[in-house]
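J.: What Swiss-Prot shows for this protein is this:
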- GLU9, TYR55, GLU63: Mg(2+) binding site (BINDING)
- ARG53, THR66, TRP419: ATP binding site (BINDING)
- ASP57: active site, proton acceptor (ACT_SITE)
Amino acid sequence: MERRIFGLETEYGVTCTYRGQRRLSPDEVARYLFRRVVSWGRSSNVFLRNGARLYLDVGSHPEYATPECDSVADLVAHDRAGERILEGLLVDAEKRLHDEGIAGEIYLFKNNTDSAGNSYGCHENYLVSRHGEFGRLADVLIPFLVTRQLICGAGKVLQTPRGAVYCLSQRAEHIWEGVSSATTRSRPIINTRDEPHADAERYRRLHVIVGDSNMNEVTTLLKVGAADIVLRMIESGVVMRDLTLENPIRAIREVSHDITGRRKVRLASGKEISALEIQQEYLAKATEFVERRGGDQTAKRVVELWGRVLSAVETGDLEPVAREIDWVTKLRLIERYQRKHDLPLSHPRVAQMDLAYHDLRRGRGLYGLLERRGQVDRAATDPEIFEAKETPPQTTRARLRGEFIRHAQEKRRDFTVDWVHLKLNDQAQRTVLCKDPFRAYDERVERLIASM
C-alpha cells in the first residue's frame with residue numbers, strides 16, 4: 001500500500017486541586033506547566049527534538065501535535081510519547097508549586113469534556129492527494145465517522161434530564177456540523193480549512209475533528225487504521241452504497257446514546273439503518289479491499305480487530321474486547337464499581353471514576369493502573385515510546401526538523417521552525433523550505449546543519 005502521512009493533535013484538560021489557601025486559575029496552572037518549556041524555548045509554542053509541536057492552545061489547553069508519521073504503528077508510539085512529555089511537565093510544575101508554598105496537585109486529563117461542558121479535541125490528520133474529489137471523500141467518510149464511535153469511542157457517563165446514560169463518545173454531544181472550515185465555533189466532523197503543511201499543488205490535509213482522545217493504544221490504532229483503509233477504498237474508486245445520513249448531527253448523538261449499536265438512524269434516501277449495520281458494510285468492503293490489495297500487518301490487524309469489536313457489540317458479549325477498546329474497558333470498570341458499592345450511574349463517585357480513567361499521572365490515573373497490572377492490551381512497547389520522546393520518525397520530514405533542532409540547540413544557535421520552514425536566525429537569515437512531508441533526507445538541510 002502507498003505511504004500516507006498521519007498526525008494526531010491532542011488537547012489536554014488541566015485542573016488543580018488545593019489543600020491550602022491560595023488558588024490558581026486554569027491560566028496560571030497552564031503557565032506553571034509550561035514554565036520549563038518557556039525557559040528554553042522562549043515561547044509556549046515550541047517544536048521539539050522528536051519533530052513534534054507542543055503549545056498552549058486557546059483556553060489554557062496544553063496541546064501536543066505528533067510529528068509526521070508514515071505508519072499507524074509509529075503514530076501510536078508518538079501519541080503516547082506526547083503523554084509522557086506532558087506528564088514530565090506536570091511533575092515539574094507540581095514540584096515548583098510546592099517549592100513556592102502552594103499546596104495542591106495538578107491534573108492533566110486526556111479526555112474531551114470538562115465539568116463545565118466545554119469540549120476540547122483529538123484531531124486526526126491524513127494527507128490526501130489534491131487531485132481527488134474532496135467533496136466525495138467527505139460524503140463517503142461522514143457516515144463512517146458518525147458510526148465509528150461504536151468501535152473506538154472513549155465512553156462517557158452523560159447526565160441528562162432523564163437521568164444518567166452511558167455513551168460511546170465524549171465528543172458526539174459537541175459536534176454541530178458535517179463539513180466546515182471552523183474548528184471551535186461550529187465543531188464539524190471534517191474541517192475543510194485548506195492548510196496542507198506541504199506542497200499545496202499536490203496535497204491536501206484531511207482534518208477529522210470528530211474523534212475521541214483514546215487512552216488505549218489498540219483503540220487509537222483501530223481509530224486511525226480503519227479511517228485510513230476507508231480513505232484508501234474511496235481513493236481507489238471502490239464502489240460504496242450511498243449511506244448519506246439525513247441529519248449527521250442528530251445521528252451522531254443517537255449513535256452515541258446506544259451502546260448496543262441497534263438504534264436506527266435515517267438515511268437521506270428515507271431508509272432506516274443501524275450504526276452496527278453501517279459499520280458492518282464498511283468492514284465487509286475493507287476486509288475484501290485489504291485481502292485484494294495485500295495490506296501490511298497493521299491493516300490486517302485493524303480489520304481483524306474491527307470485526308471482533310462489531311461481533312462483540314452484535315452479540316452483546318463485550319468481554320472479548322474489554323482489554324482493547326476504551327469505551328468497553330471503562331464500562332466494565334464502572335459496572336464493577338457500581339455493583340461493589342451499590343451506586344446508581346448518576347452518583348458523583350461514578351463521574352469521578354469516569355474522569356480518573358483519563359488522568360495522565362501514571363501512579364494515579366485509572367487507565368495507567370490497568371496498564372501496569374497488564375489488564376489492557378498494547379500496540380506500542382515502553383522502549384518505543386521512550387525513544388519517540390527524543391527521536392523523530394526516521395522516514396518522514398520530521399527527521400529533518402528534529403535533526404535541525406537538535407544541532408541548533410547543541411550549538412546554541414538561534415533558530416525558528418514550523419511544519420515546513422527551518423530557519424537560522426543569523427545575519428544571512430538562511431531558510432530551507434521543506435514542502436515534501438515524505439522526504440527524510442535533504443542536502444539543503446544537511447548543508448544548513450553543517451554550517452552551524
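Residue 1 is the first one shown; counting continues down the chain.
The backbone N, Cα and C atoms fix where each Cβ goes, and this holds for glycine too.
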J.: Please report the number of other Cβ atoms within 10 Å of the Cβ of GLU63 (Mg(2+) binding site).
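T.: 20, counting other Cβ atoms within 10 Å of GLU63 (Mg(2+) binding site).
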J.: Please report the distance from the Cα of GLU9 (Mg(2+) binding site) to the Cα of THR66 (ATP binding site), rounded to the nearest angstrom.
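T.: Checking the Cα atoms of GLU9 (Mg(2+) binding site) and THR66 (ATP binding site) gives a distance of 6 Å.
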J.: Which recorded positions from the set ARG53, ASP57, TRP419 come within 10 angstroms of GLU63 (Mg(2+) binding site), judged by C-alpha positions?
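T.: Those close enough are ARG53, ASP57.
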J.: Compute the centroid of the Cβ atoms of GLU9, TYR55, GLU63, then list the same-chain residues not in that set whose Cβ lies within 8 Å of it, in sequence order, for the Mg(2+) site.
T.: THR10, GLU11, ARG53, LEU54, ASP57, HIS61, PRO62, TYR64, ALA65
J.: Using other CB atoms within 10 angstroms as the count, which residue among the recorded positions GLU9, ASP57 scores least?
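T.: Selected from the recorded positions GLU9, ASP57 on minimum Cβ neighbours within 10 Å: ASP57.
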J.: Using an 8 Å cut-off from the Cβ centroid of ARG53, THR66, TRP419, can you name the remaining same-chain residues around the ATP site, in sequence order?
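T.: For the ATP site, the extra neighbours are GLY7, GLU9, PHE47, GLY51, ALA52, ALA65, PRO67, GLU68, ALA398.
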J.: In angstrom units, rounded to an integer, how far apart are the Cα atoms of THR66 (ATP binding site) and TYR55 (Mg(2+) binding site)?
T.: 12
J.: Taking the residues the record says bind ATP (ARG53, THR66, TRP419), how far apart in Å are the two Cα atoms that sit farthest from each other?
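T.: Between the outermost Cα atoms of ARG53, THR66, TRP419, the distance is 11 Å.
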J.: Note down the number of other Cβ atoms within 10 Å of the Cβ of THR66 (ATP binding site), including every protein chain shown.
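T.: For THR66 (ATP binding site), the count of other Cβ atoms within 10 Å is 28.
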J.: Count the Cβ atoms, other than its own, that fall within 10 Å of the Cβ of TYR55 (Mg(2+) binding site), considering every protein chain shown.
T.: 18
J.: Between TRP419 (ATP binding site) and TYR55 (Mg(2+) binding site), what C-alpha distance do you get in Å?
T.: 14
